[in-house]
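TrEMBL annotations:
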ACT_SITE  Glu392  active site, proton acceptor
BINDING   His391, His395, Glu414  Zn(2+) binding site
COMPBIAS  51-75  compositional bias 'Polar residues'
DOMAIN    95-282  domain 'Aminopeptidase N-like N-terminal'
DOMAIN    317-536  domain 'Peptidase M1 membrane alanine aminopeptidase'
DOMAIN    618-927  domain 'ERAP1-like C-terminal'
REGION    45-85  region 'Disordered'
SITE      Tyr477  site 'Transition state stabilizer'
TRANSMEM  17-39  transmembrane segment
Amino acid sequence: MTTKVIFHGPRSVRLRYVLAGTAVAVGLIVMVGLLAGLLRPPCPEGVQPTAAPTSTKAPGTSSAPETPRTTTGQPATPDPAKPWLRMQLPEGQRPRHYRVRLHPRLGDEALQGFTGEVDIDLRLLAATKYILVHVKYLSVTNTIVLNKADSQPLPLANTFNYTENQFWVIELASELPANSEVQVQLQYRGGYFGIVGLYQSTYTEGGVKKFLATTKFQPTDARKAFPCLDEPQLKATYTAELVHQPEYTALANMPQQGSRENYTDNLVLTRFQETRNMSTYLFCILISQFASMNRTSAEGDPFRVWAPQSLINQSIYALESGVRIQDFFSSWFNYSYESQFPKQDMAAIPDFPSGAMEHWGLITYRDTAMLFDEATGSASNKQRVVTVVAHELAHMWFGNLVTMVWWNDLWLNEGFASYFADIGADLIEPSWELRQQGFITTYISAFNADDVITSHPIIVDVETPQEITQIFDTITYSKGQAVLTQLEDFMGMDNFQLGLQDYLKANEFGVASTPQLYESLQKYSADNVTEFMDRWTRQMGFPLVTVAETADPDVLLLNQTWFLREPATRVNATASPFSYQWIIKLSYSSQNGSSSQMMRDQQMRLTVPGYRNFSQPLKFNLGQQGFYRVNYPDSWWHGFADALRLNVTVLSAVDRAGLISDAFAVANSNQLGYAAVVKLLSYMASESHYLPWYAASSGLGAITRQLARRATYGAWSEFVRNITAPLYSSIGWANKTSHLDKLLQPIALNLACSAGNTDCLAEAKLRFDSWRLNGSSINSELRQIVYTYGLLESDTQAVWDFMWQRYLASDSAAERERLLRALAMSRNAWLVNRLLDFSLDRDLVRRQDFVTLIGYIGANPNALEILWNWCRLHWDSLLKDFGPEDRRLGAMVPGFARQFNDEFHLAEYEAFIRSTEAGAGENARQTTLGIIRTNIRWLQDNEAELISALG
């Protein structure tokens with residue numbers, strides 16, 4: 001575990017330490033618009049846990065808690081004689097090996113769920129008479145504990161299911177001495193629920209419905225498939241045995257060791273080789289009728305992809321990219337993948353709850369994250385595939401080879417995988433400028449998650465499954481990536497690489513915490529790594545560096561403050577051990593190139609001789625690698641605009657994008673007048689690069705969301721039409737050849753069409769009608785625009801039904817996404833309601849796509865009220881269906897409710913969060929509550945000024 005220095009306990013407790021008063025700092029969320037990427041149930045059906053008592057209490061416990069309980073739901077001082085009262089397992093239990101046998105029933109037999117057996121070899125470091133393993137929604141039917149010293153069963157006093165903490169408790173008749181070794185043998189049965197744990201998925205091929213069984217355990221769902229010690233630090237080896245029908249292929253983490261036909265009832269038993277040491281959440285199986293393609297790694301081991309036969313050719317790009325990226329990482333880390341595992345499989349799963357999952361030796365993906373159809377896929381689809389593949393392969397080292405001790409250090413897995421995703425993908429597609437893209441797209445996402453008072457540090461205490469699942473969020477992934485990029489710049493890439501190689505070798509097949517990472521990196525750094533990084537990982541937020549001129553013409557005064565969307569929020573800086581100050585590597589342009597200085601205090605005087613005579617103002621955060629925003633004197637902002645109008649190349653594309661992003665953010669937080677933003681945007685008539693327009697689209701989209709239902713929207717949309725008209729004229733509808741232009745074109749067309757550009761709307765409808773009536777083809781980069789605005793310009797039931805049938809018939813995951821997004825944009829209230837009803841039918845909308853579809857509907861301003869009412873009506877049943885630990889469901893309503901900007905909807909939202917269970921959405925709910933309040937205040941403070949600034 002890492003040292004606990006900030007924000008102990010649940011969110012409600014943490015907020016009391018941060019807030020000094022009732023103000024909550026939140027604000028506008030960036031909405032890219034139509035083109036934004038995606039980036040506890042009752043007992044499982046057909047199964048009743050007969051072995052579990054109806055009460056969650058263990059024998060001998062009273063109906064009331066025996067000790068005062070904290071707000072985490074745990075006893076403040078758990079009785080050491082009753083270890084099941086603690087959320088975490090007893091520290092003395094060490095698993096050595098699991099033998100897991102699973103028999104999933106598929107198809108007509110699915111209501112029977114699955115049966116299983118598990119043998120767990122355990123070493124008990126301390127004397128005990130209790131053995132605890134995690135179980136959830138499993139009925140344990142038989143329990144045996146063998147003493148490994150003589151292979152004899154030990155007498156048991158009792159077994160019971162303590163469901164509150166998800167434990168199967170085994171009470172031995174007598175205490176075992178320290179360092180005893182036992183084998184726990186359990187037989188059990190379970191059922192399918194949702195798309196986590198062990199579950200069944202279906203797909204149709206050649207008109208035939210087919211079935212598969214697979215697993216997705218991270219973070220705490222292995223216990224739904226087999227009894228286990230389901231904590232990441234408790235690594236062990238695994239031997240998998242799968243029972244299945246002979247026409248199915250069985251896969252697991254390791255290669256097959258052998259199979260036994262006619263095992264029972266004409267079924268096959270497939271055995272697999274023993275794994276290396278790994279955490280429970282990395283165990284994976286797949287039983288399917290998939291087809292495969294294969295390549296060979298540089299060291300001669302198999303690298304395969306798996307998908308339905310009809311889609312297998314769409315996996316070629318992932319296959320070709322994946323094997324090259326894996327070989328590249330083996331070299332970069334100076335630690336070959338083949339020394340870890342002897343094969344790599346990647347499989348596209350029809351129903352998958354996240355983008356992908358890094359199971360060691362068997363990576364599973366959502367179909368849109370692995371499959372790419374050259375005929376129908378867009379540039380953004382292709383980019384997503386290569387970056388997700390690189391992300392998951394990076395996990396083979398960061399997360400699998402070396403795993404975090406506990407979930408509070410999740411960033412050691414996800415931050416690193418996100419950081420290396422762009423590096424690995426850049427190997428495959430060097431012309432795409434993926435690292436430069438990340439400095440803008442990833443950073444904007446991280447900034448928008450971290451500039452509110454309800455954010456959290458990268459390293460944050462978590463204990464319960466719901467707390468754990470909530471930190472699989474933008475802070476962990478995107479901010480984690482950003483601070484690692486800073487660390488690379490702080491140390492230099494060569495030293496950073498050597499330090500990471502040392503970290504991997506020192507902790508191979510084991511677990512590590514953040515201090516162990518810093519220990520390895522410190523060997524290759526002359527500066528204090530821990531001192532630098534703690535300020536970025538152990539306190540939330542990031543700084544705003546404000547630049548001011550002084551009386552000395554060669555000296556600038558720089559001041560850093562905690563950047564909040566609503567800086568008027570009163571905060572208690574002592575809630576952070578670092579008082580919300582950061583160590584910043586300040587980079588800036590100079591007459592002779594670039595320079596950098598370390599800023600360690602709140603203020604710093606910076607000498608730049610003759611800066612007032614430079615041809616343009618100094619640009620700070622050169623290259624945008626620093627995770628901070630910058631504000632300049634008003635005259636400097638105007639100077640940037642003048643310089644860029646004369647010559648757009650005086651700054652790099654990434655610096656132009658950073659300047660635009662900072663201008664919007666600082667203005668939205670009332671620290672810059674909108675006149676400066678409007679003047680800066682005036683240079684955009686000459687802008688033709690994707691990154692500045694991405695940043696502008698984000699800023700414009702956020703304000704559009706605020707004003708979409710306001711009387712001022714007409715003046716705002718006219719401004720957007722005018723400012724985007726030159727780009728629309730230059731980029732047009734013709735096919736593009738460069739990747740970045742392919743990404744830019746839909747942004748340009750979306751900005752124009754959404755702002756009411758009549759030529760854009762007419763062309764979209766013309767192409768839509770030609771496709772619908774005559775079967776004309778549409779370039780894949782333009783399909784989302786044509787589908788969305790073509791439908792909006794028609795918007796009849798006949799047109800909607802035509803689109804719906806195309807959605808149902810398509811076997812392309814990317815095409816289904818595009819059609820579903822367009823269908824969600826109808827202005828017809830009854831068609832929106834029908835789509836919402838369709839969303840509950842799993843034969844029409846896959847479970848994995850439900851929350852995504854709700855997000856699409858939430859982006860439709862005409863449907864927002866319909867959606868809000870529908871979600872409130874269905875919330876209890878949705879929570880029951882998906883379960884309280886589903887983080888995507890938990891964030892679903894807050895995701896669209898953050899558009900509310902009036903007192904009426906604020907009161908409705910407050911009533912909703914008071915009266916309903918949050919599940920894994922408590923953090924998101926509180927963040928959105930603050931955002932709504934800030935939206936209201938933003939309109940009060942800025943709407944009139946903004947419209948006035950438009951001229």
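Yeah, the Cβs are placed from backbone N, Cα and C, and that goes for glycine too.
In TrEMBL, annotation is done automatically, which means it is predicted and not curated.
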Rounded Cα-Cα span from Tyr477 (site 'Transition state stabilizer') to Glu392 (active site, proton acceptor), Å: 13
Non-site residues, in chain order, whose CB comes within 8 A of the mean position of the CB atoms of His391, His395, Glu414 at Zn(2+): Glu358, Glu392, Ala394, Phe398, Gly399, Asn413, Phe416, Ala417, Ser418, Phe420, Ala421, Tyr477
Around the Cβ of His395 (Zn(2+) binding site), the count of other Cβ atoms that are within 10 Å: 24
Between Glu414 (Zn(2+) binding site) and Tyr477 (site 'Transition state stabilizer'): CA-CA distance (Å): 5
For His391 (Zn(2+) binding site), nearby residues of its own chain (Cβ under 8 Å, 6 or more apart in sequence): Gly355, Ala356, Ala417, Ser418, Phe420, Ala421, Gly424
CB contacts for Glu414 (Zn(2+) binding site) [other CB atoms within 10 A, all chains]: 26
Cβ neighbour count within 10 Å of Glu392 (active site, proton acceptor): 26
Neighbouring C-beta atoms (10 Å sphere around the C-beta of Tyr477 (site 'Transition state stabilizer')): 26
